[in-house]
Amino acid sequence: MRSVLSFRASLRGAALRNGEWTACRRNFASLPVQYRVVGQNCQRASAQRQQRRWQSGAAAAVQEAAVQTPEELSQESIISNLDPAEAARLEKVRNIGIAAHIDSGKTTATERVLFYTGRINDIHEVRGRDAVGAKMDSMDLEREKGITIQSAATFCDWVVNERAEYGKAGQGEEKYHINLIDTPGHIDFTIEVERALRVLDGAVMILCAVSGVQSQTVTVDRQMRRYNVPRISFVNKMDRAGANPWKAIDGINHKLRIPAAAVQVPIGMEDEFKGVVDLIRMKAIYSEGNNGEVVREAEVPDDLREFAQEKRRKLIETLADVDDEIANAFLDERTPSPTEIQAAIRRATISLKFTPVLMGSALADKSIQPMLDAVCDYLPNPSEVENLALDRRRSETPVKLVSYNSLPFVGLAFKLEESNFGQLTYIRVYQGQIRKGQTVVNARTGQKVKIPRIVRMHSNEMEQVQEIGAGEICAVFGVDCASGDTFTDGGLGYSMTSMFVPDPVISLSIRPKQTKDTPNFSKAMARFQREDPTFRVHVDTESGESIISGMGELHLSIYVERMKREYGVEVVTGQPQVAYRETLTERVEFDHLLKKQTGGAGDYARVMGWMEPTGQLGENKFENQVTGGTIDEKYLFACEKGFNDSCREGPLLGHKVLGTHMVVNDGATHMTDSSEHAFRTATIQAFRQAFRKAGPQVLEPLMKTVVSAPNEFQGNIVGILNKRNATIHDTEIGPEDFTLTADCSLNSMFGFSSQLRAASQGKGEFSMEFSHYAPAPMQLQKELVAKHEKARLEKISKK
Ligand SMILES: Nc1nc2c(ncn2[C@@H]2O[C@H](COP(=O)(O)OP(=O)(O)OP(=O)(O)O)[C@@H](O)[C@H]2O)c(=O)[nH]1
């Protein structure tokens, strides 16, 4: 032990003095485990110290610069005197989401959660024979197709019983209030996951016991990281043939790169799956009764004792890598107590360093209750999550929001939905309370709105309430706003950052079959656009047709179907179109003169400079390098407008331009004939001419495609993908199914779903997600440009 301690001392000195830790790391892998733990702790201590130093410096700077309003001063004094009763209320609140790959069992698990918490009286299955369907899939389309399309919110109370092993005996029951959002798995509805994770404090990531980490698990993982959402993992479908929770845990560790360890081991597998052993308390847990509603605890079965001990050691070892207290116990060669392990899992989960893995079978009603206990035990309450707003009155300084009722109200509208009673706006209350009849202010528009009605949502049902406290989720009626707007009580100049909205990748033309349906058609379009930021509608300037754009074929086909069912409008749609982009590849100089001086007021503008690629296929850039005032400031502003207009409609196909840099460094102005209009037009003309000379290219979206199917269909499916020019990167062959990952151009993937169905007897599935833009094949580029040119000339000749 002495050598370990001196090792620790020398490392700490080195790490703090001059960062030699990096050098130590090179030989790190060869050290025995206890040395590795010490090393990591020292590194962490050094980083923490540096961070603390930085934070105190930053806080002092902010305080110096701040001119605080009376409201903000009162906010600070309230925070420094937090009421213990308020803290106790918050401790028992959990705002969580359930997110996973398609068909992992999110809705099935949520149905059990609602049943065990007494929110529903019977369990109904997704695509069940009783034709009722799961509670959270309330839309007819969801019930028919057996997929979740919209996220649905609900709430329930869960009672965690005293557990002597955690030193809580004698404290009785603890009742938790859980706000829960069930999200869709299909990538086409990804915005639903995005906005749910934006406002939730924690998540349950469900994995299929047979497939483990799948393509959408990776997407959901990325979204959770984007919003710093701690998660517990639940390996579902333990009753299925081929179930292997250890493969799933391996996937979390290596594919998602988040330290994970099982906190349970299964008792039996596949159709012998009976329950789980809780590794922290070393107790067997069985769910019995008609619907698994009776939870029975028993001793660990003899034949599992050794295996459970081994997995318990693995859990402690994984925790020692991410938690100092467990690392110290490890060093002292002491086995941590259940209370210490539980506390360490909670700390490490909330600080995003670890995910505990639970397992069960939602369909077989097994082991859902321990998952609910874990939600309460390991996921954060609203006061444990850092939520920041930007203070517009202090140059957007970030301020921490505190889930405390007595503070001024701040909430975020994260989802809009049209209901029979008008627009329903889902709001997460970050601080303060919202009351019926209260006037709140939209931070974006400055508009004041009175809240006429507040409800708590239970899927498609509502429960009226008078007020909602800090840290909770509710929905309000009669508030006109956009998704992502911040509301405050008007006293604070705070606004919150909104969620990430991906760009649509596919579009198609659409029109009502009968002209009499046009008003309803427009109404539906307006509503769908307001509700879903990834669904866009615009009118094509050339053809005059309405074009809808979205995240995939399924996404758009669902809206076409909803139009028919909810608005009685039959529509005619065109072929799906890909959202191409345009870029240039070479540097080209320009010197363009616009001169119209025949009678009356003329137009005069000369712009000079160059265009070149930015080096990345990202944002376009306009730069003014004019010296000597050859072009007036206001005209340069018009040049920039002309540049932005040109980037919206590229010269090749009329699609958006990417990665283009335009520099204007000289020009000429006429005393009377120059105008903003002239400079804007001259820039557009210069852009068009220069772009065409600068090695222009059409870019097409490449999709990360993941296909899985039973092994016997692999040959067929690979053949189909090869014909569609896919680049296959990876194939993983399991005992029954294979999964392959490929890059495919979206253009080549139309109709793939039906071809896959036919080639795999309906057993194959695939998901596609936008990856990046890449140059389209030369032949396709030529065809697209020629088609666009032909359509343009036809339009001119018709005029
Ligand atoms: N064998 C088995 N099947 C399950 C289990 N849980 C769910 N299923 C089945 O898996 C299918 C998908 O279940 P859902 O609950 O709709 O999955 P989901 O993740 O909500 O689906 P999406 O939201 O559409 O992505 C259904 O047929 C369920 O009956 C389970 O524990 N075992």
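Yeah, the Cβs are placed from backbone N, Cα and C, and that goes for glycine too.
All chains included, 22 other C-beta atoms sit within 10 angstroms of the C-beta of HIS186 (GTP binding site). As annotated by TrEMBL, GTP binding site applies to 100-107, 182-186, 236-239.
For 91-383, the entry in TrEMBL reads domain 'Tr-type G'.
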Task: Where the C-beta lies under 6 angstroms from ligand 1, the matching binding-site residues among LYS106, THR183, MET238 - done: LYS106
Task: Chain-internal residues near MET238 (GTP binding site), provided their CB is under 8 angstroms and they sit 6+ positions away - done: ALA209, PRO245, PRO266, MET269, GLU270, PHE273, MET359, GLY360, SER361, ALA364, LYS366, SER367
Task: Packing count at ALA100 (GTP binding site) (other Cβ atoms within 10 Å of its Cβ) - done: 26
- [ ] Measuring CB to CB from THR183 (GTP binding site), give everything in the same chain under 8 Å that is also at least six residues away in sequence.
- [x] GLY97, ILE98, ALA99, LYS106, THR148, SER151, GLU192, VAL193, ALA196
